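Visitor: Found this in Swiss-Prot, in case it helps:
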BINDING   26, 27, 28, 29, 82, 83, 84, 85, 95, 96, 97, 98, 122  substrate binding site
ACT_SITE  104  active site, proton acceptor
């Protein structure tokens, strides 16, 4: 599995050219993309500026010598590459398994181009196999949780290693929703967008036009 993730990370790095502002995703697959950019900077004199989507990715990028800037310090992001937890046949996706969904969506929204890199196990006809993370402010979060319960979304709190509520890089909580067969992700996203206390959710609808997939038969590209 790690080899598949590495293959798509290296392939995605081929789309990066000198002079670009590049959004650096978060997660085990995106880490291989960041690693390959670090290699190209060291060995090929690639010149880029990175915009990161989490504290974890910031630490990795600095260790690799990748120059960084905040999303507020650049005019735009040329290309963002990130992983995804599940992708449906229309290239809608669920992200946020690494609890970085808010920063990931902000960077993706202000990117000219956006690519997901995954292994083929992340592809499905309809979303629903993976939990949907919802980032909420602490104040009133119990009320939000109860509303999700009443809606039948089987919510659970995202916990840390100490079995306490996980606190995101932006100092929020995460409630994971367990909904099977999401046939109308746009409708669900609109519902979540309008809910008081919800900061962001892990439904990334109509945001990518290119997905790089690694499988047993090699790497392929799905274009929308």
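Cβ coordinates come from backbone N, Cα and C, glycine included.
Worth saying up front: this structure is predicted, and the values here are computed from it rather than measured.
For each feature listed, report its degree of burial, its nearest neighbours and the pertinent distances within the displayed model.
Guide: In three-state terms derived from DSSP, residue 82 (substrate binding site) belongs to an extended strand segment.
Within 10 Å of the C-beta atom of residue 104 (active site, proton acceptor) sit 29 other C-beta atoms, taking all shown protein chains into account. Classification of residue 104 (active site, proton acceptor) by DSSP places it within a helix.
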Visitor: Using other CB atoms within 10 angstroms as the count, which residue among the binding-site residues 26, 28 scores least?
Guide: 28
Visitor: Between residue 122 (substrate binding site) and residue 104 (active site, proton acceptor), what is the CA-CA distance rounded to a whole number of Å?
Guide: 18
Visitor: Going along the chain, which residues six or more apart from residue 97 (substrate binding site) have their CB under 8 A from its CB?
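Guide: Listed in sequence order, they are 27, 85, 130, 131, 133.
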Visitor: Which whole-number value in Å describes the distance between the Cα atoms of residue 95 (substrate binding site) and residue 104 (active site, proton acceptor)?
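Guide: Given the Cα positions, residue 95 (substrate binding site) is 9 Å from residue 104 (active site, proton acceptor).
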